[in-house]
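The [4Fe-4S] cluster binding site feature in Swiss-Prot is assigned to Cys37, Cys38, Cys102, Cys132; the stated evidence is sequence analysis.
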Amino acid sequence: MAIEGLIKQGFVTMSLDRVINWARTGSLWPMTFGLACCAVEMMEAGSSRYDLDRFGIVFRPTPRQSDLMIVAGTLTNKMAPALRKVYDQMPEPKWVISMGSCANGGGYYHYSYAVIRGCDRIVPVDIYVPGCPPTAEALLYGIMQLQDKIRRTNTIART
């Protein structure tokens, strides 16, 4: 976080947008939506080797407590309404990471009658993590890209 100005006696001045975005990037609470083998790599990212807790990322069991949804795996026609319902239950601001080839565009099962060809047809996606399955490092990089995106957004509406 860059300092815009320093005043005497240790006071720092900066825009409220930057303070809010700094707080949001340091406390992402993802709600996991594991549908296939990509979910195993998502669980690996939460283990002690990669330790998402050091980034302030704490997995939440309910959508009402989370601001990030990680969709990992093949999204079928039967699961699409459940995905949308969970997304609608999340409070604003909310972000979505699409993890893996199946979540991004259908993957190996792209031409199947039962598969949605990308979860972005159901919910708006902010970050796409490629791979089949993507590694835990790729998910970590995607989360860092999301943090950069959050830092660049304006949170306070200007008229």
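Cβ atoms are placed via backbone N, Cα and C, with glycine included.
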### Task
Measure from the Cβ of Cys38 ([4Fe-4S] cluster binding site) and count the other Cβ atoms within 10 Å, all protein chains considered.
27
### Message
I need the most crowded of these binding-site residues: Cys102, Cys132. Count other C-beta atoms within 10 angstroms of each C-beta and give me the top one.
### Response
Cys102
### Message
Taking 10 A as the limit, how many CB atoms besides its own sit near the CB of Cys37 ([4Fe-4S] cluster binding site)?
### Response
14
### Task
Starting from the [4Fe-4S] cluster site formed by Cys37, Cys38, Cys102, Cys132, give every other residue of that chain whose CB sits within 8 Å of the mean position of their CB atoms, in sequence order.
Ala36, Ala72, Gly73, Thr74, Met99, Gly100, Ser101, Ala103, Gly107, Gly131, Pro133, Pro134
